[in-house]
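**Student:** This is the feature table in Swiss-Prot:
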type	residues	note
COMPBIAS	46-55	compositional bias 'Polar residues'
TRANSMEM	99-120	transmembrane segment
TRANSMEM	130-151	transmembrane segment
TRANSMEM	175-203	transmembrane segment
TRANSMEM	230-250	transmembrane segment
TRANSMEM	251-276	transmembrane segment
DISULFID	310-325	disulfide bond
DISULFID	345-354	disulfide bond
TRANSMEM	403-420	transmembrane segment
TRANSMEM	430-453	transmembrane segment
TRANSMEM	486-513	transmembrane segment
TRANSMEM	535-555	transmembrane segment
TRANSMEM	556-578	transmembrane segment
TRANSMEM	593-615	transmembrane segment
TRANSMEM	616-632	transmembrane segment
COMPBIAS	982-994	compositional bias 'Acidic residues'
COMPBIAS	1001-1012	compositional bias 'Low complexity'
């Protein structure tokens, strides 16, 4: 026999019209206020959050209370995903020290000026700045000389090696730069955040010194062009003879260099905006000069320029002192001597005493620029290294030599070599011409999409400049005479710039263009170096440099600029471009070496945060680039390399040992213990940065009577998460006393260790003996780990048989575990249906890992699938992310924002936004809630007397009715129709359950009398009706699940409370509604998924609802094979920053 109740409810529109809208409004805290520990390390608080930099703190603070009621108690700490994603639209990433950012920081009291979003693309933001920084003074002043000395073959190898070094470095830099957002600091930021403050500080200071000496080199190049090619008469110091020209030139360089440095520093101090305004002008000069060179090469093939050079025998003559390349000239019928005669003879008379070599050899005039079609390339293939003071000679020309040991008069108008040259020296001089590849990363804050622009723009710029350099080497050797190439200052071609003689339409194009380009490069160096020093100083890793972190009110680094100018003056006092170039080569090579090292280390360690969007990198390429940089350092100058490494080492040790303690043990074991102690003490200094966060797992397993693990799949899953490279502690609890159960604990440890070894889980095992299970688990959670090496995540299985346990202690222990992990700010992973999880030998050839991101609680849901997909079991599973849109959410914009967020996180996944519109609470939800509350009352009655049970039932009834009136005054009215056959058999069926059948067309019972509050007949005709049916089948099924300790008398007292829907706690109804609706959506989308991850709601704050909480979770995960409930620890575990 069944007992039927008919319940009629008003339409939803009627109830919604009179409902108080505030009753369903709940505030969501700003996602930036997520509770988390203070983060130390880099002084940038933005990096602790995933990406949020929104100024709209109110948007998205409301949520649909009925659809998401299951998560309502956590909305103050875990915001809805829609409100989190809305921050993407207002995300800005400003470089440190930028003018607008500093003004905004300094004017907090007033109205802040809105900052424009980054607008620069790949071409303007990365490609052109890199071209400007790479092309420089060496191309115009020294490349022709390098080709003449080393020959085409060796010069080609030199350029290829240097360009390969920068290309490999650019690949490594692209991987680092795309591993998150680089707010400011360029290479210093990337290295320091990848290798730590010690390496970052050491290499950052080396890079600063390199940039500063680069400024000195550019200034010296500017003075050389000014005094040698533009205005030679401006020289203050003049040589009395040829031997004193070098010393006079050095003094002129020092004086004019100091003046130019002062002017440039003043311009930078007054306002960097003027430097930026003229940057494109300087870049235009560089590009125009290079185009003029190529135009000249093309023209020389059919119309070579007229630049004759004069040879005495095979010796090259300087054209400064004479005009006619001949010993004698004919004026009418008379033979007269030329000015050249007077330079080699005692007088202009024909019978004068002349130099012996001048007397024995003839004077020959040849073209200095024969052109590309002359076949000159064969003669310039091989090297012609010179020693200092040697005359530049042309191979293949007849020459009558002198006796060995005959001194050469330095006052004769020969072209002399000013320095001893060799291959390694040329490498050191040439290498600065390929530096400047960091220009794109230094401007990352101004780019529209830095993760796309930096790799593309930098690599394209290096490819372009490499092509220009390599082609220039070949074209210079094919078009220009060898003795002209080896003439560093163009003395043989009337003092013209050698590369200018090849240019079209005029050499002045190259001279003026190179002058302005070197001026611009010097200004850029004096602008960038102080900001780099300011970034290092503000990090606070080098205490004595902190004073240089301050500046003017607008953020300009005044003190850093002053120090930069002083160091730059040191380079100018050296006064030789060829001496300064190897110095800055050392510092740049060291910086590039550590960029490659950082990429190689990150790749080999495979830390969870290492997810570069740039995919075309490999640790072997980074290692090759690092080796090449180290080799070039010693090739250029082994003593400069040692000095640079010593400086970096001293800075490293200073930063490392500033307040640190060092201790050495005895032997290998003592060293290991000392290193472990040292590392643990350093970990104790503070919580890890978000970028260094990794899951440190505490895996709670249960052992049977034979001390074997009940669910070994938990350890299989732990092994599959090993990509996190974190700590693993496998813990278990034995009930009893330590004295009696110590042997069993040892056997359990051995059993767990064997299983860990079989599952390839590297970690520790800990078995605790406690008087009860709850205290033992609590002890493991509190005391697991050592010092800073502690767990931050707890992995546990779902209590599968929590309903059937006689003492019902399992689910109570589970809820206490959830509460303790929350209190300890630990993440919690709960595996449901753990027996269905795959073992390590299994492989999924297809399928998906579905993430249901309901609320944001630190990003754990994003990180876990990424780690799992590194394991071969899950490698072929794709990742899908679902999030839920509410009534007021723009689902299209949410999908776009979520896609952008994943792009910044460097995570590849399919994105889908599921719309959950407001809907009526279904009859099935009421049924589930009613059954749940009945079970709850049964559980509570186990320890109550009859009078206590009656009072408890009455208090719950009153509380439920009061809740209905307070929270939902327009709740749909309920009408109860009881048939005549009311003979019930409650005592005989103590565990009867209620089944609801939703029927839109069934008529109400005519024999029932209307209730006092019944609506008129007209309204009742359209009301939906719901039938409650008490069925025996469910009663039998429920009874067969397990024995119940409840007495029949207690059940009779319990059923004295009528199971009316109006008695239901409306909070439970709404929570059940959330669980049912979410479950329907999840099952619909993810029924065939290999694994489903979703947010785990927190336990109720009122402990009276603990048993209901278990039912909510059970309903939420019904009909799903493999489920992992994830609950964050209250801090960010994933970030978009590098």
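Cβ atoms are placed via backbone N, Cα and C, with glycine included.
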**Student:** When each of 430-453, 486-513, 593-615, 616-632 is checked against the transmembrane segment (403-420) for Cβ pairs under 8 Å, which one has the most?
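**Tutor:** Counting Cβ pairs under 8 Å, the winner is 486-513.
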**Student:** If you count other Cβ atoms within 10 Å of each one's Cβ, which of the disulfide-bonded residues 310, 325, 345, 354 has the most?
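**Tutor:** Per the Cβ count within 10 Å, the most buried is 310.
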**Student:** Check the transmembrane segment (430-453) against the transmembrane segment (130-151) for contact, please; criterion is three or more CB pairs under 8 Å, pairs 6 or more apart in sequence.
**Tutor:** yes
**Student:** Sequence gap of 6 or more, Cβ distance under 8 Å, 3 or more pairs: do the transmembrane segment (486-513) and the transmembrane segment (616-632) meet that?
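**Tutor:** Stretch pair does not touch.
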**Student:** Whole-number Å distance between the CA of residue 325 (disulfide bond) and the CA of residue 354 (disulfide bond)?
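**Tutor:** About 17 Å separate the Cα atoms of these two residues.
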**Student:** Between the Cα atoms of residue 354 (disulfide bond) and residue 310 (disulfide bond), find the distance and write it as a whole number of Å.
**Tutor:** 18
**Student:** Are there residues at least 6 beyond the ends of the transmembrane segment (130-151) whose Cβ is under 8 Å from a Cβ of it, and what are they?
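**Tutor:** Distal contacts: 158, 217-218, 221-222, 224-225, 279, 282-283, 286-287, 289-290, 380-386, 421, 423, 426, 429-430, 432-440, 457-458, 461-462, 464-465, 468-469, 472-473, 476-477, 480, 482-488, 497-499, 510, 513-514, 517-518, 520-521, 524, 577-578, 581.
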**Student:** In Å, rounded, how far does the Cα of residue 310 (disulfide bond) sit from the Cα of residue 345 (disulfide bond)?
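**Tutor:** The separation of the Cα atoms works out to 17 Å.
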